[in-house]
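Peer 1: Have a look at this one.
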Amino acid sequence: MWDQLLDGLRSRDPRGNGGGCSPCPSPAEMALHKQEPAGSEAKGPNKAEEDGEAAGARGLQGAGPGFQPPEGGFGWVVVFAATWCNGSIFGIQNSFGILYVMLQGDLSGSGEKDPTLEFKTALVGALAMGMIFFCSPIVSIFTDRIGCRTTAASGAAIAFIGLLSSSFTKSLEVRYFTYGILFGCGSSFAFQPSLVILGHYFKRRLGLANGIVAGGSCLFSMSLPFFLKTIGSSIGLAHTFQVLSAFMFIQILLSLTFRPILQPSCDSYHDRQDKLASRNMKQQCGSQMRKYFNMRVFRRQTYRIWAFGIATAVLGYFVPYVHLIKYVEEEFKENEKDWILLVCLGATSGLGRLVSGRIGDCIPGLKKIFLQVASFMLLGLMCMMIPQCQAFEGVIVVCLFLGLCDGFFITIMAPIAFELVGPMQASQAIGYLLGLMAIPMTAGPPIAGYLHDYFGNYYLAFYLAGVPPIIGGLVLSVVPLIHQRMLKKQQMDSGKDKMLVSEAVLNGELLPGCPATEAHV
């Protein structure tokens, strides 16, 4: 689901690292690259083999001007590994509705009736999804410091331990930690480097590589619900967790293929040593803190409104993924074909990514934000339509539209970030946005579960789940208007003919390898 944002960021990279404008921009990786002054992170040539991975994680920053990715070869092995990583992680996350029902069935076997069971069970999956976003800014630091291979392998190992340990307990409280925290954090650490590494092996074909990864992820999201439904009824919940842990174990091995091929620049190393020699420890620590926790993007009113609108909208975003399966079992007594709903969500989400990418490329400036407005408004309306469906087939139609909304809202996020804050701060803007999204996205499903526990049905839960996306869409609709007003005011005050978004580039932070005279790019 969220494997599209980095493609959008990289494909629009002014350094030319992307392979053109991909139709499928990607979602969590935007927090990966923390931009900095040119040459500030390159290592010495005597550490090339040891630190090449960390240097490579910074994109092409440490690479010389003559560096050319292989555009294939071993890179296709890396593409397969990234596809497996993205597909398995988000396939499991998006299929939690199946696990949700199995968790409740496992607990009901104890004979104890818990009046808050829906709330407590929903919190397991919501924690896992929320931790992926909450950890995004932190993962970017680890990827930058220790490299893609080590970060991804460590994250996959943590996710493996989380899933495996979830099979040895029936306590929801323990699974909050094993599935929610361990699996969620491990997934975040494994996921983001799997997208960064693609830029090491592809430039001209980067769009194709990202498209393969995105398509593979959709295939996982479409097939895993049926797979979980089949094996879950046969082997039980505990063994199902063990089978899922095998996906992460395979990912540990595949992460070892994330071998960096970018070599750091010798000139940048000497420049960095000269700068460090003139600074004391306090100044060095302050410089590192400013690099990784740069809050400059929040000075922009349009970004603050945009981030607030999206954070508000996602409060109800994950509710259908968690509760829809249980709802159709209660309402329509349908427990044989309920997995079809999640398949429909995954299929139309992939279609939405492709279509919205093409449409977004044709819409100039911040007007493309109205695609997000429309997707959130429709998503909220579809959530409210779920209790109105009189047959299982009606819920299928609703799920088709929900998937389209998911694809549209995710894909267009990267281009909007570029329009709002410029290319230098786009990655940080998305990183902070993902962190803000973590809290409401985690809170939504448990709140819906609590409403079910209190009222005995999901009607009010789905009605209220549709309200935040509609409110968020209304908030987003004012961003282009405010942006235009700020542009006119700036032109009147300064008398200079320049775009507002260019300020994000002229902020003292140059594109890596770009001289000061080119900072206006």
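Cβ atoms are placed via backbone N, Cα and C, with glycine included.
Pulled from TrEMBL, these are the listed features:
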- 1-64: region 'Disordered' (REGION)
- 122-139: transmembrane segment (TRANSMEM)
- 146-164: transmembrane segment (TRANSMEM)
- 176-199: transmembrane segment (TRANSMEM)
- 206-228: transmembrane segment (TRANSMEM)
- 240-262: transmembrane segment (TRANSMEM)
- 303-319: transmembrane segment (TRANSMEM)
- 339-357: transmembrane segment (TRANSMEM)
- 369-388: transmembrane segment (TRANSMEM)
- 394-418: transmembrane segment (TRANSMEM)
- 430-452: transmembrane segment (TRANSMEM)
- 458-482: transmembrane segment (TRANSMEM)
Peer 1: Please report, as numbers and ranges, the same-chain residues at least 6 past the borders of the transmembrane segment (369-388) whose CB is under 8 Å from any CB of it.
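Peer 2: For the transmembrane segment (369-388), the sequence-distant neighbours (Cβ-Cβ under 8 Å, at least 6 residues beyond its ends) are 306, 310, 313, 316-317, 319-320, 324, 327, 356, 359-360, 363, 394-395, 398, 401-402, 404-406, 408-409, 412-413, 416, 419, 458-459, 462-463, 465-470, 472-474, 476-477, 479-480.
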Peer 1: Cβ pairs under 8 Å only, please: of the recorded stretches 122-139, 146-164, 240-262, 303-319, 339-357, which one is richest in them relative to the transmembrane segment (394-418)?
Peer 2: 339-357
Peer 1: What stretch of 122-139, 240-262, 339-357, 430-452 shows the most Cβ pairs under 8 Å to the transmembrane segment (146-164)?
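Peer 2: Checked against 122-139, 240-262, 339-357, 430-452; highest Cβ contact count belongs to 240-262.
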